[in-house]
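So that you can see what the record holds, here are the features copied from TrEMBL:
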type	residues	note
DOMAIN	23-288	domain 'NADH:quinone oxidoreductase/Mrp antiporter transmembrane'
DOMAIN	290-343	domain 'NADH dehydrogenase subunit 2 C-terminal'
SIGNAL	1-23	signal peptide
TRANSMEM	57-76	transmembrane segment
TRANSMEM	96-115	transmembrane segment
TRANSMEM	152-171	transmembrane segment
TRANSMEM	178-197	transmembrane segment
TRANSMEM	203-222	transmembrane segment
TRANSMEM	243-266	transmembrane segment
TRANSMEM	278-300	transmembrane segment
TRANSMEM	321-343	transmembrane segment
Amino acid sequence: MNPHAKLVASLSLLLGTTITISSNHWMMAWTGLEINTLAIIPLISKSHHPRAIEATIKYFLVQAAASTLVLFASMNNAWYTGQWDLTQLTHPTSCLLLTAAIGMKLGLVPFHFWFPEVLQGSSLTTALLLSTMMKFPPITILFMTSHSLNPTLMTTMAIASAALGGWMGLNQTQIRKILAFSSIAHLGWMTIIIIYSPKLTLLTFYLYSLTTTAVFLTLNTIKTVKLSTMMTSWTKTPMLNATLMLTLLSLAGLPPLTGFLPKWLIIQELTKQEMTTAATIIAMLSLLGLFFYLRLAYYSTITLPPNSTNHMKQWHINKPTGSPIAITTSLSILLLPLSPMILTTI
């Protein structure tokens, strides 16, 4: 891809995100979402592979429909209340339309079908952007309108997302699809708590983004996109694969790793809100996700390939591991002891 085109797309991505997260007016928020959608399209389709083109078209159609719904919800609300402010979404129909629109933007159940396919058709770097940065503006809109949303609807969508993300990830062999279903399951955790503690949703999103960034950067370094190639990668970078195993277990939410913190806080908050049943169900559903994270961790570190590999065993990789991987991996494994300090921010 042309470096200038890549620079323009990256800067537009930053601009669109900044406009949406800093706006109070619905039209500005919508403009930011549109800039974001148009900026990521060249990055998804840059390989010119038929699967990448298919992913681009699917992504564009879904995001265009979601943006239309956002615009319709805001205009409907303005028609009945005279308010264009993001925090003044009070009309019930507009609230339902917005929930559907943001569900489509994020890939929440039942609007999740596009997300695994688009991730599978993208490169690892673009998949990282789609899983983290592209989710930030819609999460911010949910954060701003959280007081207007329907609690029963949000809880139902959240539990359905956690269930489907866990079930569908069990049978996958492509790592990008596994991480897509992992993203859907994590979105369920974020959605279930957004009405009761919006700041906790943001904390969960930040820690999820951090851990997912570490996983994608590591996979990009060892050039692995399938479980079968993951088995042979440990000979090239044994230390990196060992830290990948810990990062995956952190993504699963096992103590004493960073990923345990948001799940612990969400279950605690749900119990305070007398939603013990929902807390129990979503905690049980996270065991489905734990299974495929353990399988990934097992493949990356413990399993030997069933036959002798044809290539020479390498005990080191020529290029050094970058500092972004070192920083994100360290943070996604070791942040739990700092939880008292983190809790002062929410």
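Every residue gets a Cβ built from N, Cα and C, even glycine.
In TrEMBL, annotation is done automatically, which means it is predicted and not curated.
At the 8 Å Cβ threshold, with sequence separation of at least 6, the transmembrane segment (152-171) comes into contact with the transmembrane segment (278-300) through 3 or more pairs. Through the fold, the transmembrane segment (203-222) approaches residues 124-125, 127-128, 131-133, 135-136, 139, 175, 179, 182-183, 186, 189-190, 193, 233, 236-237, 240-241, 243-244, 247-248, 250-251, 258-259, 261-262, 265-266, 317, 321-322, 324-325, 328-329, 331-332, 335, 342, 345-346 of its own chain, all at least 6 residues removed from its boundaries and within a Cβ separation under 8 Å.
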